[in-house]
Each structure stands twice: as C-alpha cells, then as structure tokens.
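Participant: Marked as active site, schiff-base intermediate with substrate by TrEMBL: S667. If you look up TrEMBL, you'll see 1-10 marked as compositional bias 'Basic and acidic residues'. Annotation comment: TrEMBL describes 11-23 as compositional bias 'Polar residues'. Residues annotated as domain 'C2' in TrEMBL: 26-155. Annotation source TrEMBL lists domain 'EF-hand' at 254-289, 290-325. Annotation comment: TrEMBL describes S667 as pyruvic acid (Ser). Residues or ranges marked as region 'Disordered' by TrEMBL: 1-27.
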Amino acid sequence: MGHGSSKELPETTNTEGASTPSSRIKHPHLRRIFRRLPVSRGNGSSSASTLKLVSAEDFTGIALLTLISADMQQFKDKWLACVSFGEQTFRTHISDQTEKPVWNSEKKLLLEKNGPRLARISVFETNRISKNNLVGYCEIDLLELLTQGCSMLCYSIHRSLSGRLAVASRIDRLLFCMIGRIPFRTLLKRCSFHFGKSRLTYELLSFFSLDMNSILLQDSDSASEVFELFDPAATGKVVGRISLSCSVEDPIETEKNFARRILAIVDYNEDGKLSFSEFSDLIKAFGNQVADNKKEELFKAADKNGDDAVSMDELAELLAIQQENEPLINCCPVCGEILEVSDKLNTLVHLSLCFDEGTGNQVMTGGFLTDKQASYGWMFKLSEWAHFSSYDVGLNSGSSASHILVFDRKTKRLVEELIDKKIVLSMRAIYQSKIGLRLMDKGAKEILLSISEKQGREMNTTESARDIPTFVEFFKDQINLAEVKYPLEHFKTFNEFFIRELKPGTRPIASMERDDVAICAADCRLMAFKSVEDGQRFWIKGRKFSVQGLLGKETYSSAFADGTLVIFRLAPQDYHRFHSPVSGTIEKFVKIPGCLYTVNPIAVNSKYCNVFTENKREVSIISTAHFGKVAFVAIGATMVGSITFSKKAGDHVKKGDEYGYFSFGGSTVICVFEKDAIEIDEDLLANSARSLETLVSVGMKLGVATKKQATVNLPNFDNWVLEE
C-alpha cells in the first residue's frame, strides 16, 4: 500500500445532512463497510478525492491499463513495475524470482484532451534494504495507443452517419473519445448507451453489413501489445520487453462493475444478494439523507422479483435509474468526498476511479508521486514513518528537503531530482539551521568561494575527463546523449562536456516569427510569479530579498519594482548554455561580486540566507519593442567556475539566440519583466503557486506581451507639393 500520513480527520458534519468520513465511521455497521474497502492509503495525490473536476469538453475517457508480463532477457530477479501518469504513480506487486515476471496488474487512468498523455512504465529489480534498481523503461502515448488503427473506421462511420443523423457533433466526440482499440461489440454497446438502441445501432450494422448476434458473441477482451524496454544508461539499448493492454472503459460495464463492487462490500453473508439490513447500510454509506428516509420504498423498487433481496443486476438498474432521476449517491462511500449530484460526469469519473473495479486482476497500489518513490525499499519507509524524511511537493524545508520533486512540462509528470544524499545532508545542515548560518558568518562563505574556484580549475584539466562516464551514469535517465552535438570522446576536460552544445534543431523555438512571445531561457526548473510579493510568499524565503538588491543600483529602475519574476534554476545534469528569452538590443552588462551559495531549493527556501541577492552575478538589460526593458540576471553558485556571455553591449539578439553559459556546477538565471508587461502561461503560474518547480526546455513558450508595440506617427504626405 502507499506510505502516506495516517492522521485522523476531524469530525465534521455537512449542512445537508451528509456527514464526512470521520463521522460516518462512528456507526458500527459502516465501520464494517470501510474495513472491507481495499483503499490505497497513499499521500492522497492519486486518490479520486483529490481529482480536479473535468469538463465535458476535455473528458476523453477512462482507460484501463493492465501490465501483463515482461521478458527481461535471461536476467533472473524479483521484479516490480511502476506506471507514472501525470502526478500519480502506481506499482505492481513484486514477482517471483524469474526472468519472465507476470503481474496481471491493472489501473484506471483518467484521460483528458489537454491532460497528460504519456505513461512512463519503469521496471525495477528489487533490493528490499534501500531502494530498487531501475533496469528498463518505456514511454507510451495512451491516446495514440487507443486510437491507432481505427482512423479509417472513425472516418467511415462519420461519413456514413453525419449526413443522416442529427447527432453528428456528438458522434465526433464519441468516436474521438471512446472507440480506441476496443472490440466492435463494445462500440455497439456504447453507441446504444449514448443514443438509444434503435436508429444508431441499425445504421452501424447496416453500414458494415454485420449481424448483431455474431457481433455480441465476439470476445471483448482487448488485445495485448508488446513494447521494448530501454536501458536508462545507454540510449537505444533494449534490455527487455513488456506486454500490456489498454482499453477505454465501457460505460455499461462501469455501471455493472460498480454495482457488483458495492454489493460485495455490504454483502456480509456473501450470498450474492442484499437483504434489507445490508441494503440499509449501503444507503447510509451513500450519504443521502433523503434516500435514507425512504429506503423501504427504494428496496421494494429494486426488488423486482419480490424475493426480499436485491441482486447485482437489480442494484445496477436501481442505481442507473436513480442517478438519472433522483441520485442516490451524494457521498463517495470509499473516500468520503461530497459529490456534486448535478455533475453526473464527474460523479461517474470519481466513483469509477475510486472503486477500482475491474476484471478480477490485481489492482496496482497507488499513493505514490514518482516511480522512484514507489520503488523505495523498507528503509526509506521506516525513515519516513520516523519523520526523518518526507516526500511531497511544495516548499523544501527541514526534513522535506530530502527529496525535490518537479513537474515535467513535456510529459506532464512528476519527477524526482537526483542529488547525492551526502550533499543533501550537508546542505540541510548549512542552510536550514541557525548553526549553519553562524558558520557562514565565521568564514564559511570564503571557504565555499575558495572550494568553487579550486574545483573550477580542476574541471579544466585533462584528468577531469575521467569523471565524465561516472557523471553520465549517475544521471543516466536525465541526460540524453543523443541530443549532444559531439560524442563523449570529443571532450578533453570535464568542463568541455559540462558546457556541451546540442545538435541543431534539438530545442525548437516557440512562435519564432512572433517577438511578442517570450520563451524559456534554459533547460531548467522554472518558477514564475506575477509579482515579487508572490515570489516571496510561495518560494523565496530569504528575509532580505528585493528586486533592487537583486539588480543592484546601477541597473535597477522603478519600472521593475513590482514586476514579473521568472527563476530558471539549472541543475548539474542540465544543458548549461542559456539563451535569450526575448528579442531586443542589449543595453549593458554589470558585474556584481558576491558569495557562492548553492541555488538549490534547500537554500532558496531557507529563511537564514539570501541566495539571490548575496551571490556573485552579472546583470544585463535587454531593450525590447514588446516587453519594454527586461533584466537578465545570471547568478553563480557553489562549484560554478565562471559565467561567460556570448554577447556584448549593443548587440541585437533574437529570442532563442545563445546568450552565454555557466561552467561546472548548478546555477540560476532570473528574468525580471516590467510590471504588467507579460502574461505568463497559466500552467507555469499554477505550479509556482503550489511551490512546485516546472521542468522546461530552452524554447518552450513562457508568456505573451501585454503591452502594445509603440508606433511612430508619420506625417500625411497626400497633400504635399514638391517644389523645384
């Protein structure tokens, strides 16, 4: 199961008469219900109760993903597999000692038009003491998997039906959202479910000249697919294969499975039917006081054959009818979430995901944020239970600084940043305590500066090239060597590799033809705030931070006073060349001496030091037509040998042009825009408001200018007369 908090919820009561989970569990009969629920007790991030509401326009379907088995190519071990999708990660059970593990583990995933599409599947060999070793992975576009091979079918059905039925737009949505790789039998059920059995089913059968009985007898199981598993340490190297299936859930089957699932929960004598007493407990668990008051009437309505018991089919029919007319379920009987009865779509989505009803296969364990967290052994779980470490998004202070999670904008998935554990402990000791602050005041600043300068010199020696393979191995799944312009043998020193160039076209520039669109300046973890005040509330905890202190007296102007702040944090594994986020002319460069604190969130989130205003940095001002003046600040950090700019004052830069690079170490770029000059992309602002960094690449869209381009009023030449 998951590892999250087991804190008790306070007892509260809803004004409508539906009580919260904690108050409902006080009832003896309902305690029995909840004891029998196989609910994952994770950190809550993947539970249905924390799902954001989905709109009908964005809803694509509910995919049932099943990890069947794998072939690890004669490599015997005990294996587990993880599926990471969006901000959720699920794991299978651990297999027997074998080279061909079998899991048959499934999980339901919510698909949205603008939501995550890529599912990362990671296979680990198990080491129970600390953490398990990642052996192979693959990334699968679920929407592509569900829709491949049926494009012509969709087109043909639409052409056949759109001219004859007044439901063309609904058919468009149905075909796009729900066909996937599903049997035609299921398609017909689904069409009947949405449009009625008569006309649409007849049209479909007539078009394909198919017999209804032969279709309904077809096997409805979705076919399995085999995908190659790649070695995270070697680009393109195949280490095994994994077999899986993925299908869009049938709404009719959802209703039946849901009824079967809840019937089993309150069927205390396990006879496959509900007595009136069991039926009453179920109605109480639904949290509907109105329904509870007329449970006798509902029981009689459900009991069609008059045998004083409600079967699974009778319960399914009752739920379907009542949800259409007078919904029974006001409250999820699993997690206690109060449901909006008028929002039938989100109610169905919530209950489907929360109950995890399925085919009888083992359901994957949830409650994890990343595959690394899901793969940790019992030593980590013990330390977390003892509060030595914790695992969550948000401000990284105290024990929470043990793990840094960022949101990958490309894959729409949470990932854990790799940092050596010894370094994490030392940073926590220095930056998260008053003792560490006193050490800084007693000369540690000078020591850090000396160490950084010495390390920078060493990284320029030919002997340092021996460290490149070790570095690449440590960050094996975060450095893509296929993107690097030259092979590893080309680099004669470690710093040459550190400031490596990428192949042309590797980082496409968003809206290249539009200078009113700003882009991300680096491969980095990004935080963006509409104002400095927001930045200090959600991220920068140094007590003396200010824009004036960041830019210095020589470059600061009042236009930046409450401007938009964008922080680009580069980690050691990143591509360390930074690029211009806007097009314009460089007015000047100003060097500001300072310390070399780390720019890791452990320090930035500390109230004991002021990283951005005390570190060594160089400020440049770019004058633009659309954004006004933009301050570009390159900030040095621990182990950063130098900051080198590729441009000089007076140069004109086009957005995406290389602007400079950092030598060895982690480092940061901060851009300050004038107040109300830019509208930052909403996803970046939303993540930042959660104190969650977004992993971005050079060239990704940052925001759009809000200022109108200044125009020059030319005189009217129509009435001018030229004189000799």
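For all residues, glycine too, the Cβ spot is worked out from N, Cα and C.
Map the listed features onto the structure and describe their local environment.
Facilitator: The residues of the domain 'EF-hand' (290-325), classed with DSSP into helix (H, G, I), strand (E, B) and coil, number 26 helix, 1 strand, 9 coil.
The number of other CB atoms found within 10 A of the CB of S667 (active site, schiff-base intermediate with substrate), across every protein chain shown, is 31.
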Participant: For the domain 'EF-hand' (254-289), give the DSSP counts of helix residues, strand residues and coil residues.
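Facilitator: Its residues fall into 24 helix, 1 strand, 11 coil.
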